[in-house]
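Here's what TrEMBL has on this protein:
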ACT_SITE  D263  active site, charge relay system
ACT_SITE  H313  active site, charge relay system
ACT_SITE  S490  active site, charge relay system
DOMAIN    259-507  domain 'Peptidase S8/S53'
REGION    753-772  region 'Disordered'
REGION    889-926  region 'Disordered'
SIGNAL    1-44  signal peptide
Amino acid sequence: MHAAGTTTPRGPHVHRTRHRLTRTAFGALAALALALTGVVGAQAATTTGEPNAQGSAEPEFDGYTGYVGDDELAPPGVLGGDKLHKTEPLGPIGTATRTQQDVAGQAAPAPDRTVPVTLPSEPDTASVDAVAAQLAATGSARVIVTLDGALRSDLGTSPAATAAQAKLTRDAQTHLTSTLAGTGSRLVQQNALLPSAVWTLTSAGLDALLADSRTGSVVLDGTASAELASSTGVIDSDLLNAAGVLGNNFEGGAGQYQVAVIDSGVDNQHNAFTGRIVSQACYVTDSSCLGGTNSSTAVGSADECTHSTDCDHGTHVAGIAAGSFFTGGHEGVARGAGIVAIKVAQDNPTSTRWTAQFSAIDLALSRVIALRGSSLPRIVSVNLSIGTNATFAPGDAACNAVNPTTNALFATLQNAGVAVVVAAGNNGVAGAMSFPGCATNAFAIGATSDSDVPASFTNSSSGMRWWAPGVDIDAPVPTGDNHASKQGTSMAAPHVTGAFALLRECVDGNGNPITKDAAAANLDATGVDVTRSGVTRKRINVLDAATRTVNNNDFASPEVFSGNGPINDFDFTVCSDSETGEPGPFGIDNGVWWQWTPATTGTATISTEDGGGFVTTFDTQLSVFTGSSISGLTLIAFDDDAGTGLRSLVQFPVNAGTPYRIKVEGFGGQNGLLNLHIENGPAPMCFGAAATRVGTSGNDVITGTSGVDVIVAGAGNDLIRGLSGNDRICGDAGDDTVLAGLGNDSVLGGSGADKIRGEGGNDTLVGNPGGGSTDDVGDTIEGGPGNDFLDGWTGDDLLSGGPGDDTLQGADGIDTVTYAVSATAVNVNLVTGVATGQGSDTFIQVENLVGSPLADVLRGNDGINRIVAGAGADNVFGLGGNDRLEGGVGNDTVRGGTGADDVFGGDGNDRLDGNGGPDRLFGDAGNDRLDGGDAVDRCAGGTGIDTGFQCETILGIP
């Protein structure tokens, strides 16, 4: 855990000395004197200072006031050797006092001037229990272990102290390794500075540590972290960045929005700002601008960082507002925005205190106004993480009286559409703020932790506008790719400054970039409520504020259209996002929604093609659904690039009166201007008639009406019920089940293995259309009562005419006609193509037969037939071809023909004749007579007393 106000370098090769921090509070009279003499301080996590004699502004940086020299000793009562630097102009530490508050008695004491850096002296019981539970569950536990008595209290105050600590740490690591030797535990990593290490621990290892009196703590690695490594995740600006909103798209066109940072200067050489410092200026009173002057607007003016601390504060603030990726993987809020860097703090090489005159601040504000009105009209916000140590209650006229010109310049900028964002101050006051945050024309910002708790150091009042993260914020510091963790309202304000750059990139429902006031209203209406001393303000959430501008961002709030069109609707996906449960083939985050209800059943064409004078500017993906809730949607159609120029296009049948949900998103998170084109064309046809009902590409259940229906089911394995009426039904692709119902129906199964039942009426039932190897799946077609026409078409089909005079056409494939459910015996002749018994049926291109349960006469033809007689005393004749003839149950007579036949008697006393050709006869059960006939035949009697004649090979016959 970092003490309040500490600085933790994170970049590579950071040759910086960590110093203990000092903090000074002061009385109300001193604060008032400071305000009246024009002193402003950078809004860091703690406050120091009484006014110096020069009346200058004193930016105090991130919770500390001065680095301590290595040769200095601590005065009595100051922890760890901290003392004010010899050149520190502030004098002794004062007593914390407060000005007026919003709520009487709510003033909180200021945070400690320093926070002791210590380690535990003995393991915490709850932490040990958690480690033991992990060991019991998995057999090992990754833990952080520290040793007691191995930490210097003056760590970081000098190179000598650091070197002494390094030896203590090495000795502690050796001791720890010795303690865990032989326990099966494994060392993961060691802390080079502190007596701490990470181990993969065994149960034996835990026992060894608990038995060691020097063990200070044993905790599960990663169970707690006080540092907020990246605050953009708290306000969700990282998600907006991921959707392509970076602050670099000015009013729908090329170019950046810009944020102005008035501070101690910005390190232009830092990798986080490469190519994005668009303007620089310097206004000081100590001749520290370029060329030894007090003002400069030349390139490099704000980068005059002679000493490592000169640009430290401004670089950190600018990095929060608009820094891009740097080592450590973090980024600022608007990492695509340009930065106007203006230095107002005077150099102070021996301290981290800087001073800035009110006049210098006014010149900087005037510079922003001039740039906004000429060369940089894209400046949308200005950040001032500076302020006086004096605080002022809401409505206190003394606030604006501190420097009336500053508030006037604020008003000018606000009126020009530039958000003026100012830190509230760090006195820890609940009910008052520093100047200029207390000014009536400023957006004052208070600091919260990542858990949305007001920081102890922050000021706040009813005059404050928003909360933002300000505790342990990781951002760039000079030089190269370095970064550090700091805290203060200085760190909170730039979160809001960057937010305005992102929000101004969003557009309203008419496609116009939103204004500064609209962006502020969106921040007011979203975010997280945080209350302090009875005053509630929003902790900003940039993503929620941005998506509030998109009219049809969510499933529940689509743009709604009806009719057949053509419809052309333009929209913007900029600042849209995903919602919980939102579907999407690729899980893209920036979808927008429409709902369209066609007037008639037809074939819809929906695209993101250009139309109506609008042009789609990005690579789109288009999805169409049915369903009334986001959790119950069915995907109907999807396309990525079927349209021109990476645009999307789908065509699919639609039903009159059915609402269709349309979602468009950008491929890979792209966004921009979008034209949605909707047009409903003619309905698909079925048996020459336009469809009145259509299905989807999924597995549909479609039920007709009692009238005349024309149903086109579409792809998928559909269940279709025609009900009564003379219906026309087309199953299309998929394995469909069609129950045509009463009436004279026409059914086309389509490709796939369909099951078609005509039920009542004179029906036309057709299986698979077309031909080819991809269409040879067989159908099952049942006519039902009535004079039906059954056509299997391609594939090996099973046809059953049912009662009535039916025509059964097998067509392509090996087709079978079955009378298995016939209530009467049948006489079937494949030579003549006629069957009687269950009506008078006609056969065309049928190869196989299945008889009824009664005594049938079944005759094949000269082709290859399979004839199955079923129960009853049947007569089966194969004729020509190599047939398979089966008598089934009953005393059957089964005669082959001239081919090589397989003849089966089945159960019963059967007579089997091979006739011509090399036949195989199988008597099966019963007392059978087997007559091989001409050629070389094989006879197998089976069970029973069988008799064989003219059999060259005899099996099972005595």
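Backbone N, Cα and C atoms are what each Cβ position is placed from, and that goes for glycine too.
Recorded features from TrEMBL, shown on the structure.
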residue: D263; record: active site, charge relay system; DSSP class: strand
residue: H313; record: active site, charge relay system; DSSP class: helix
residue: S490; record: active site, charge relay system; DSSP class: helix
>> Using Cβ atoms and a strict cutoff of less than 8 Å, what residues sit near the region 'Disordered' (753-772) while being 6 or more residues removed from its termini?
In response: 726, 731, 735-747, 778-795, 797, 802, 804, 812
> Between H313 (active site, charge relay system) and S490 (active site, charge relay system), how far is it from one CA atom to the other, in Å?
Replying inline: 9
> In the region 'Disordered' (889-926), how many residues does DSSP assign to helix, to strand and to coil?
Replying inline: 0 helix, 12 strand, 26 coil
>> Can you give me the average pLDDT across the domain 'Peptidase S8/S53' (259-507), rounded to a whole number?
In response: 86
> With DSSP, how much of the region 'Disordered' (753-772) is helix, how much strand and how much coil, in residues?
Replying inline: 0 helix, 8 strand, 12 coil
> Of all the active-site residues here, D263, H313, S490, which one's CB has the most other CB atoms within 10 A?
Replying inline: S490
